[in-house]
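This is the structure I have questions about; it appears just below.
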């Protein structure tokens, strides 16, 4: 009897091991530049959710802790573990070439996401793709949103000069999103015939605490009573600005962000933020996962999906969000 039980246990263990080994056949290595980035945290959780819906796929997740050398080491380990594809959120976009050479050495496809590699890097490897957004579009849509509200709220023009006096919280200098959003939000306002005057601009590195400190300094400076609009390259910094404005009893000054994080949508609902721009984390995650899974299985990158690939890139569109359409995004 005991021998039969042992034999049955061995068979069950073998079956379980076989199932595990089968799942491991479609291993995908994923790196996130840092887990505690507000937006990338949403993307990461969405990728993990997509992974759970595909039982034949095993995701090997890594926090690169904002350290490119650490990410390079993680990629070496993932390749040594035999992953069939890589999904890489670069710490430094300039490191794409290094990552590609590692992947090429093992003939492993790589899907970059959120931080865009150079055209040269993408073109250097036939199995390299990118999922992200059009950085310019986010700035244009944010500009449209500000213009809409500026024209509807004459009281925002504190000195009645017909010109927006603004401060701008910029993301990481050199980051394509930070540079494009900073340039195109102002350009779009000017293209719409709205004059602008920059009172202050500084980087807060996408970070809420740094943005609060920058905003606090501006609200304690000589231009404190001239600020009419606060523009932030992302919601995390917009939330820091909201905290500083509240501390200075200036919550009536409108704040605009980008990302449509749940916390920011709550602030739009309460009126603490005037608007944001949906940076579609769920669809960026889904496209990244779908492409990586297809490539890991030896299929065409977009096979069986609705994603449109142009020049090896999937662009996920942005959408402006304010109180007028907020309900469309808070019911998800």
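Using the three backbone atoms N, Cα and C, a Cβ is placed for every residue, glycine included.
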Of the residues 228, 243, 263, only one is listed by Swiss-Prot in the Ca(2+) site with 157, 159, 161, 163, 165. Which is it?
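Swiss-Prot names 228 for this Ca(2+) site.
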Which of these, 36, 37, does Swiss-Prot list as part of the beta-D-galactose site with 114, 175, 177, 181, 234, 259, 279?
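Same beta-D-galactose site in Swiss-Prot: 37.
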In Å, how large is the greatest distance between any two Cα atoms among 37, 114, 175, 177, 181, 234, 259, 279, the listed binders of beta-D-galactose?
18
Neighbour count, 10 Å Cβ-Cβ cut-off, for residue 165 (Ca(2+) binding site): what number do you get?
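Total other Cβ atoms inside 10 Å, all chains included: 21.
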For residue 97 (site 'Interacts with membrane-bound trg signal transducer') and residue 165 (Ca(2+) binding site), determine the Cα separation and express it in whole Å.
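Rounded to a whole number, the Cα-Cα distance is 41 Å.
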If you count the other Cβ atoms within 10 Å of each Cβ, which of the binding-site residues 37, 157, 177, 228, 259 comes out on top?
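Result of the Cβ crowding comparison: 259.
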Determine, for the beta-D-galactose site, the additional residues of the same chain whose CB lies within 8 Å of the mean position of the CB atoms of 37, 114, 175, 177, 181, 234, 259, 279; present them in sequence order.
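Close Cβ neighbours, site residues excluded: 39, 138, 171, 178, 206, 233, 258.
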Looking at the binding-site residues 177, 234, 259, 279, whose Cα is closest in space to that of residue 163 (Ca(2+) binding site)?
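Ranked by Cα distance from residue 163 (Ca(2+) binding site), first place goes to 234.
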